[in-house]
Each structure stands twice: as C-alpha cells, then as structure tokens.
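Trainee: The region 'Disordered' feature in TrEMBL is assigned to 1-26. According to TrEMBL, the feature compositional bias 'Basic and acidic residues' maps to 1-17. Summarising the annotation, TrEMBL assigns transmembrane segment to 53-79, 99-119, 178-203, 224-251, 436-456, 462-487, 508-537, 549-569, 651-677, 715-732, 738-759, 814-834 (among others).
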C-alpha cells in the first residue's frame, strides 16, 4: 500500500454493505450495522511511513553516538587514561569492569527491545476502509500534531534555560579540566528530553492502533497499548543506565553525577508542570462546557476542546510521568553510589548499578507476562505469583470466564455491544497487569540476592543490604495497594464518594477531600517503617559508621525503582487507551470498540493512581538519600532542630509545597477559563455546531494553541521557585538552613502530594462508578447513569480533582527531588566557602 493511500478514502468510495455511500459528515457516520468481527480479507488502511522513518533515524543517530562514546570510554578504561580530578579525591573510584560491562550491556538490551517493540506496535494496522480507518487516522494525526507542537515549543524554552544553567555550572565547577558537572548536566537534560520524545511518538501512534485492535478482542487491544507503554518504560531505564554509566566511565567522579541528576530534574520539572497545566486546562474546559453545560458526551467531536484534551493525556501522563520517574530512577542510583563510596568503597558504588541492570532484565521478562489469557504466561512463574494477582473476592472471576465472554462477543456477529465493564472483565485485566509487575519483582528479588551476596561479605553485610533492597520492593508494592484501595471503585472509599453525589456536588467535594487526607496514613506508616528498618540494617552493614544507615535507604530506593521498566509501562499505557476510546467515539465506531477501550481506560485510571503513589514513595526515599548525600558533601556533621537556622529552614520549606501547588492550580484555572471562553464562543458563533448539523466542524486548533501557550507561560514561575529557593537559602542561610528547608519541604510535600493524588483519583473513579451503572438510589430504586444528578455532582468533583491528581500532586514529587539535587550540586561550593575557609 502506498504512502498516499489514505487520500483515496473519500465519501464516494465508502459504502456500507449495499447501502448508499455515506455523507461527508464527520460525526454522523452510521456504523451501527457493521459487525464487530474483523474479516482478514478486509483491506487494511496503513499510515504513511515517512514519520516512522524520521523517528528511527533520530533514535539510530542518538544510539550510535551513545555507542561511540561507550567504545571511547572502554578504551580509556583499558588504557587507564588519566582523568584530572583536582578536588574531592575521596569521590573517585574505579568500578570493577564487570559492573561497567553489565550496566551498559543491560542498558543496550533494553534499547534493543524498545526498538523491537516500537516496530511491533507500528506493524499493527491503523484500520480498514470499511471501519472508517481514514477517519481514525486523521483524528490521531490531529493528536500527534498537537503533541509535537507542544514538545517543540517546550524544548525551545528549555534549550535556553539549559544552556544558561550549564554556563553557570561551568563558571563554578570545581572538578578541573574536564568541567564534568556542566557536561553531565547537559547529558542528563538531553537524555530526559529524548525519552520524552520517544514516549510521545510511540503513544501518539499506538492510540489509533489500539482502537483498531479493540475490534478484534480486548486482549489484542491490551497487547498494543501495553507494548507501547513498555517502549516508554524501557527507554527510560535503558537510556538512563547507559548514559549514567557512560558519564561515570568518562569522568570517574561521583560528584559530577549530581549534575546529571540536575539535568534530568530540570527537564522533569518543566515537563511535569507544563504538561500537567496543558492536560488539565483542556480537560476541565472540555468537561465543564461539554458535559455539564451542553450535556454532550465525553470525546464528542462537536466539542472544540476534545483534541486538546486528548493531546494533554500524552503530554502530561506519558512525557510528564516518564520524565518524573526518569529523574527518580537516576537520582536513586546517584544517591546510592555517592553514599556507598563513603562506607563501602568501590563495591558500594557498583551495587546500585548491578541492581539496576538486573531490574532491566526482570522488567523485560515481566512485560512479556502481561496478557488477559493467563496460559500465555510462563507457567511456573504464573503459579508463584498467583496469590498476588487475585482481586478482592467480591469481584473475582477466573480469567477464562472473561476470555470466554470476549470470544463469545466475536462469534456472535449480531451482537453490537461488548459486555459491560463488569467485575470479571476488570478482574482479568487487573490480573494481567499484576502478573507482569509481581513477576518482575519476584525475579528481581532472586537476582538481587545473588548480586549482593557476591559483592558483599555474606555474614556481616550482604544479608542486611539485601533486606534493605527487599524493603524497597515491598514498600513500592504496598504503597500501590494502599493507593488502589483509596482510589478504585471496587472499594468502599470511592463508592462512598459516588453515593454522596445523590445529595449534591458539595458533599462530593467534602467526602473526596476527607478520603484524600485519610489516605496519607498508610503511605506514612509504610515509609516510616521502611526508613527505620533500612537505617538499622544499613548501620549494621556499615559497621556502625556515622551516617551509614542512610545507605540502606538509598538501596531501598534503588529496589523500589529497579523494575521501573514494567512499572512505568503500566502507567504509560493508560493515556494510550484513553486516546483510543476518544478516537473510537469521534469516529463513531461500533459500540463494542468503545466499551473495550473504556474497560482498558478504567483499568488505566487505577494503574495511574497506583503509579502516582509509587512515584511519591520513590521520591521520598530518593530525596532522603540525596539529603544525606548533601550533608556529607557539604561538610555538615550534626544538625539540631533547636538551632535557629534549622528551625527557620523547616518552616520555610514546609510552606514551599503549598506555594508551588497554589501556582500550578492557579495556572490550570486561568488556562481553563480561556478554553471555556473559546468553546462557548464556538458553540455560539458557529451555526449548527452544537446541534450536530452535517458538515459543520469545530475549530480544534484554536484550543490546542491556547493550551500550549498558556501552559508554557504558566510553568515558568513554579519552575523558578523550585530552583531559586534552595540556591538562595543555601548561600544566604548556609548549609544547616538549607538542610532544614529540604526537610520541611519533604515532609509537607509528601503529605500534600498523597492527599491531592488520591483525592483526585477517587473523584475520577467515583464518576466512572456511576457511569458503569453500579450506583442505585436506595430511596427511589433508580439506577444512576450518565446525565443523572448524581453523575453531574461527581463530574464537578472530578473537575476539581483533575488538577489535584494530574498537575499539582505529581509535580510536588519533582519539587522535592529537584531541590535536594540542586543542594547536592552546590554542596561542594558551600563547603569551600563556609567550611574549608
């Protein structure tokens, strides 16, 4: 099929099995009599290949450069080329060559699998002429073009910022001839940007393919969406480990690696904040005017903001989440390596690299286990993880039952609707995802034990450090389960919010806030216990050295993030499924397609909520480890809460997350108002748009442009606050006030982030609980569905929760980590000014 075949799809050529040609109407295409079975003889529609070629050329050039630098670093290491290191002699270690080879090999393996999965996703068909494949492709291109326009504008702004900061770091760099810190900063920033580009590209290509796959089966749609999510996950861990190892191999200076983390944090902050403002401004504007005021369905093509809403899903939940967890991933390795060098020498530095490398292998295996059909999984591992993949008893049905229902839908050609989103379907999907996550975690525990017992003394060190690693993995799982309980509509907290919608919107807001606040209890207990036991074990392993216990926390953070490749895939697949449902709705495909994509989207909401909890937990452990590394590098020996500098820093630090959240919430509100005004204007001025008159189209590009400009403009102030605050406090108030600032922001930011993320997730799923028809008014016996008063009340709650869970809450993770990374970067300068002199 040629590249121009999509131009052949015209109203004159499209017919419906003996019917007259369809009218040239975008949202009145009649596909109700089209069976849901995919006929292999149906001509398939394929998208042009030019953009795919450009994508692979770009990735190929980047990987070629990385490989060339790796070869140069290997040669330098074998020849023992002297690298000048004029200061901080205690931070230079020659890692065992095995750890360098292992890390680089596993990183490149992840990138190889990433390219393979990209080709696999792109090999799936966009659609068929009979099923309006040209229309689906057209909509997906609107989404891709909007996402690409945002990234281009965002990176134009960030390029200036990155170059200015690199110049400042160059001026104050203390590492000598090779100016290691600014170079590592640039490498970290570029690598983070590349992962965002990869994730955005594949997500905006996979959405339409997921829509087409949903016509075949739920399992096929899951396969496409999850494969695309795995591309994002493996690009983050693969590029992160390759480039971080490369920087260490070249400079052999752990202090310079803080620059890499700073670069990753800078991109993550602006990607998360800018993307969050974009997605929620469009979402709030589209929902308020569309669903509340005009009573039109979600993703209706008449809504001018619907394309901007779908673009925002990719901008915020793919690129933003990927950059966020990329920062946590490399930050945990940097913190563990920096602390390990102080207490265990080169072995302590090598351990986090080895553990991260093993996590990549386990993530690749785990991702292959994700399937609705459990028989496709490797049966011994499937048997071991079965107890962990069961849903609660009231919602459990075996996978075979769900698969049988799915097959029955395909066999019965007269049936136009897929089964409703029911406990059996949702349970089978949740088990499929959990199979991959828990399978990877169990394999990683085995490999981690082998690695640590080979590196450290088995009697006095290895078992303690391994237990820290195990604590990190267990903490991530428990935080995810606690978040799922608070946000899934299978459990009481979210059901209670939906029930409060029967009495109005105000009770929904009140109940949601109370659920969010109470949801902090379990994560706090988990994190506190993890800290206590990790510190005790770390102290034992280090022989009681002062500060040695924090290495246990750093290893726990590495353990929590070691299988990020598959964990991030479960997060990134959600917006792909959401986009697939939007494309199905706007193209007016048969109902079974939308119902299957809705089933995937409902699961995506749950995995996204647990992913946010996971991200928050990993941010806290990473920030704690980085805080200790800052104390070590800056020359702090003791800190007392009774000191005026520390107390002042604590109070200011506790206030910062609230100021930051206020700025991001205000930004979403202002941008949403602009979207609302524009949507109302189009409904008023474009005759026949709201009524759905044939041939009348909304101007989607205007809302996309408003969201892009508003988000890029509004992200600057929160970003500057995150960067300026630690630098100003550090140089004006010295190291102890800065330590207090970091501690205060960490504690208040953690609680506020959990509250916002879980309250927003619970509001969202309360709305979906009503949409599923599960809520019944006990007084009247009436089933509550879309358009009911209870649903409208929960839509208001969901609208409030959108910036909670997708803008302010997730961005607080980066605020906490970025400030600790900046503190670590400026620590040597502070030590030189206030301690050495």
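Every residue, even glycine, has its Cβ placed from backbone N, Cα and C.
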Trainee: With Cβ-Cβ distances below 8 Å as the criterion, list the same-chain residues six or more beyond the ends of the transmembrane segment (549-569) that contact it, or say none.
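Mentor: Distal contacts: 110, 226, 229-230, 232-234, 236-238, 321-322, 325, 328-329, 332-333, 335-336, 339-340, 342-344, 348, 351-352, 355-356, 358-360, 362-364, 366-367, 370, 436-437, 440-441, 444, 448, 464-465, 468-473, 475-476, 530-531, 533-539, 541-542, 611, 614, 617-618, 621-622, 624-625, 628.
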Trainee: Sort out for me which stretch, of 178-203, 436-456, 715-732, 738-759, 814-834, has the most Cβ pairs below 8 angstroms to the transmembrane segment (462-487).
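Mentor: Result: 436-456.
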Trainee: Taking a Cβ cut-off under 8 Å, which residues six or more beyond the ends of the transmembrane segment (224-251) line up next to it in the same chain?
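Mentor: Contacts with the transmembrane segment (224-251): 66, 69-70, 72-74, 76-77, 83, 95, 100, 103-104, 106-111, 113-114, 117-118, 120-121, 124, 175, 178, 180, 183-184, 187-188, 191, 194-195, 198-199, 202-203, 205-206, 209-210, 213, 257, 260, 264, 318, 322, 325-326, 329-330, 333-334, 337, 353, 356-357, 359-360, 363-364, 367, 370, 433, 564-574, 576-577, 580, 600.
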Trainee: For the transmembrane segment (715-732), I need the partner stretch with the highest count of C-beta pairs below 8 angstroms, choosing only from 178-203, 651-677, 738-759, 814-834.
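Mentor: Between the stretches 178-203, 651-677, 738-759, 814-834, 814-834 has the largest tally.
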Trainee: The transmembrane segment (814-834): which same-chain residues, six or more beyond its ends, come within Cβ distance under 8 Å?
Mentor: 87-88, 169, 172, 174, 181, 255, 258-259, 261-262, 265-266, 268-269, 272-273, 324, 327-328, 331, 338, 619-620, 622-623, 626-627, 629-630, 633-635, 656-657, 660, 722-723, 725-727, 730-731, 734-735, 738, 741-742, 745-746, 749-750
Trainee: Quick one: do the transmembrane segment (508-537) and the transmembrane segment (178-203) have at least 3 Cβ pairs under 8 Å, skipping pairs fewer than 6 apart in sequence?
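Mentor: Counting Cβ pairs under 8 Å, fewer than 3, so no.
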Trainee: Below 8 angstroms Cβ to Cβ, which residues of this chain, lying six or more residues outside the transmembrane segment (436-456), approach it?
Mentor: 344, 347, 350-351, 354-355, 358-359, 361-363, 365-370, 377, 381-382, 384-385, 388-389, 462-463, 465-466, 469-470, 473, 477, 541, 559, 562-563, 565-567, 569-570
